[in-house]
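Among the features that TrEMBL reports, active site, nucleophile is placed at C344. Among the features that TrEMBL reports, S-adenosyl-L-methionine binding site is placed at C195, A196, A197, P198, G199, S200, K201, D227, D291. Taken from TrEMBL, the feature compositional bias 'Basic residues' covers 7-19. Summarising the annotation, TrEMBL assigns compositional bias 'Polar residues' to 31-40, 516-529, 549-562. The compositional bias 'Basic and acidic residues' annotation in TrEMBL covers 590-611, 834-846. Per TrEMBL, domain 'SAM-dependent MTase RsmB/NOP-type' is recorded for 77-508. Annotation source TrEMBL lists region 'Disordered' at 1-49, 515-535, 549-615, 826-852.
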Amino acid sequence: MGGGRGGQKRGRTQRKHFKQNKENVWKKNKSSSVGTDGTTNNNNNPNSWEDFVTQNVAFEDYYKGQEIVSVEEWEKFLSVLHKPLPAAFRINSSGQFFEDIRSQLENDFMKNLEMEVSDNGEVNAIRPLPWYPHNLAWHSNYSRMQLRKNQTLAKFHEFLKQANEIGNITRQEAVSMVPPLFLDVRPEHFILDMCAAPGSKTFQLLEIIHQSTETGLLPAGMVVANDVDVQRCNLLIHQTKRMCSANLIVTNHEAQHFPSCVNKSILDNVKTGSGEDLGMSQLLFDRVLCDVPCSGDGTLRKAPDIWRKWNIGLGNGVHRLQVEIAMRGIALLKVGGRMVYSTCSMNPVENEAVVAEILRRCGESVELLDVSTELPQLVRRPGLKKWKVRDRGIWLASYKDLPKYRRFAIFPSMFPSGRTCELEMTETDNPQEDLGPSGNASEVEIQTGLENRLENDTIIDSEESENLAISDSAVDAEVSCLPLERCMRIVPHDQNTGAFFIAVIQKVSSLPAGFNKNSNQNGHSTYSDNKTKKDLSENIVKDTSGLETNFSVDSNHQQSVLNEGDLDTESLDKQSVLDEGGLIEEDREAEGAELHEVEDNGHEKKREGNRRLQSQGKWRGVDPVVIFQDEATINGIREFYGINESFPFYDHLVTRNSDVERVKRIYYISKSVQDVLKLNIQVGQRLKITSVGLKIFERQTSKEGSSSPCLYRISSEGLPLLLPYITKQILCASLADFRHLLQYKSIKFADFVDAKFGEDASNLMLGCCVIVLAKGSQAARDPIEVDASTIAIGCWKGKTNISVMVSSIDCEELLERLSVRLGNTKDSSIQEVKPSDVDTEAKETSTDDAGN
Ligand SMILES: C[S@@+](CC[C@H](N)C(=O)[O-])C[C@H]1O[C@@H](n2cnc3c(N)ncnc32)[C@H](O)[C@@H]1O
């Protein structure tokens, strides 16, 4: 389909890995609760989800103690947490049909479902989220499971499923839509999404940068979406594929060690002002989204298995990683840039404590922004200034209360003041030497394992629960002097949502020298509220990179990168499969091949400075990105489709295969992505790129396909971008013929309602072609003018027929969109084409080549 700015490509989200191991507690016929002894009791009530494990004493004690809501609100807070989460979704605002979809929701579904009463007695089954701009995000009073089961909502549910699959909407928890809105993204921004999988926020960011781009053009900005988990990266790739963006790079790094890409020689030229434009000198970002891994207790309503798993160690255990990731984010941010730190956890140790530590470490280089006037309809609460830390069932008011042998697990940065116990602890104090009764390092490692913490904490919590009343009253939490009230906490009972935490940070100047050394190897912050900002500002140096000093490129690594270029994952591609589902599988396998694990520990770099480098350079199993410059192929494509010279090809096409004879897929990249790729090559391929660009051309694989003068067909993802520039192999069809094509997939030339169209079609060259839907009174043979409302599909011109190269689901969705937009009234000129008229041979060609 064509004409839109963002794509309409189908992309199934791959959930296999998660479904295999994850139980759905709402569905189970068991009734149980976690008792004070930490064990689970089942009492077999098969009918009520409320009977599943939805209680956890440690959880309640903890959050009561932290006072994240007032005593009066506690019961309401808890009771909402026990209710399933209402479904929410977002309309893809860069999709071609977004206005139609919004109006369908406002005028059709919303009105029809007005009187539908939910289990909670609420009417108005769906409504726009008041704080989300332009009615683009919606809330339903029903959970996803309730939507599935309620017959009255069947049509709406079907609509949601299909629109989500196509990419017209994204199902996303309402609160998870908030962080990208506070990033203040503009189309020209370079954005880093540090922990991006499964990609709902990446999708949102891409939407924003594509939103106001004209048809056939690309925004100047781009998104780097990163995740450490290879399988989740695959999910991210499939999720973002629905967006069809040439402005995206997906990488697979530990965010806390996200590589620097600095070309020193260009940087020096830039500094001295000499030399012409040599390209990008370093990779820094205008916006960074730091949506870190967390304990996830804000998602309890959606993932109630967390009731059973929750323990204090989960939050304490990720605090340090969160600080490291956030600090790396700040380092990669341009001066003047904005970073949003967010979690789906309610825990101050994962939230305010992390933000406070960032502020302490960065001093005057960053500012925690007051965004209270932004999104005024979003109900949120100010961040806490006061909290306590709990370890093994004991509340701690400050770090000095911590037994020495627990210093490997609890850090000063977790406390409001961020203070070490300076008086007690000297510089030479090494907590590693005082790890516990045995001081045995391996024992310590075992103790830090999350699973182990889970058990220990649950049990100790219960064992010591009797002492809690005493320790609770004895503990008087420290108070932070930082402006943490500018952070935002969204709590479930304010707007019937999940919980979320968001902080917006601006980098106002370069980071202080040695900022990354503010914590020693054990995570002990050396800055505290006691250190004056003056101390910090005195240390500020002009860190043009803020990043680079810890890295030096290893020439052996560079060599191995080049050799790795020989890897060929495209050879792993299966031959094209006939059915649609098979093609999806083929895509998955191809991407899986790009992603299969990676690390070459033999090349792991030693700690340099304070940062341990992830194995860089030799990304085993990940094909290098190759700029496709085969002139014969490029010119052949340009000539066959009559692609206007104004469409920039040079240096915008990439593949994962350096053997031009075997290239199967060619991807298109924006100028912004091109700049990053060039820089990455200059610095020795430091970025481990798992996916890049927009699939624009695919090699024909069928017998008939290989006899076409052009070996490459236009992919449906690439069509919207290319459409305004195509001058050959393109025809305009009447509504009747266009609908027939979508309905029957393949039509003989003689069977088109418009005989002239059939004749023109028969005169096209054998191979891929584009059929555009005629607008209004436009005659099929008028010149084709493309704008944002133009609807087009990729087809195959065979010997006897035209066949669509669009998947069945895309055809169905497009038919639905046409009937919503143009009405169902049948054009009297439409003659029904009986399925028997469909050329079977041609139909096979169509599905074979319909690489969707
Ligand atoms: C809260 S989820 C991110 C959700 C995502 N932003 C979205 O909106 O769809 C956290 C992600 O962090 C990833 N992660 C965990 N540790 C990481 C690390 N050290 N570096 C990068 N990603 C990490 C996890 O794999 C997970 O996908």
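Even glycines carry a Cβ here, placed using N, Cα and C.
Surrounding the centroid of the Cβ atoms of C195, A196, A197, P198, G199, S200, K201, D227, D291, where the record places S-adenosyl-L-methionine, the chain contributes additional residues within 8 Å, namely D193, T202, A225, R232, L236. There are 26 other Cβ atoms within 10 Å of the Cβ belonging to the residue listed as 'active site, nucleophile'. Per-residue pLDDT, averaged along the domain 'SAM-dependent MTase RsmB/NOP-type' (77-508), amounts to 85 for this model. A C-beta separation below 8 Å, combined with a sequence spacing of at least six in one chain, links D291 (S-adenosyl-L-methionine binding site) to P179, D193, M194, C195, A196, K201, V340, S342, T343. Sequence-distant neighbours of G199 (S-adenosyl-L-methionine binding site) (same chain, 6+ residues apart, CB-CB distance under 8 A): A225, L235, L236, I237, Q239, T240.
Counted over all residue pairs in C195, A196, A197, P198, G199, S200, K201, D227, D291, the record's binders of S-adenosyl-L-methionine, the longest Cα to Cα distance measures 13 angstrom. In the three-state DSSP classification, D291 (S-adenosyl-L-methionine binding site) falls within a strand. Here the Cα atom of the residue listed as 'active site, nucleophile' is found 14 Å from that of A197 (S-adenosyl-L-methionine binding site).
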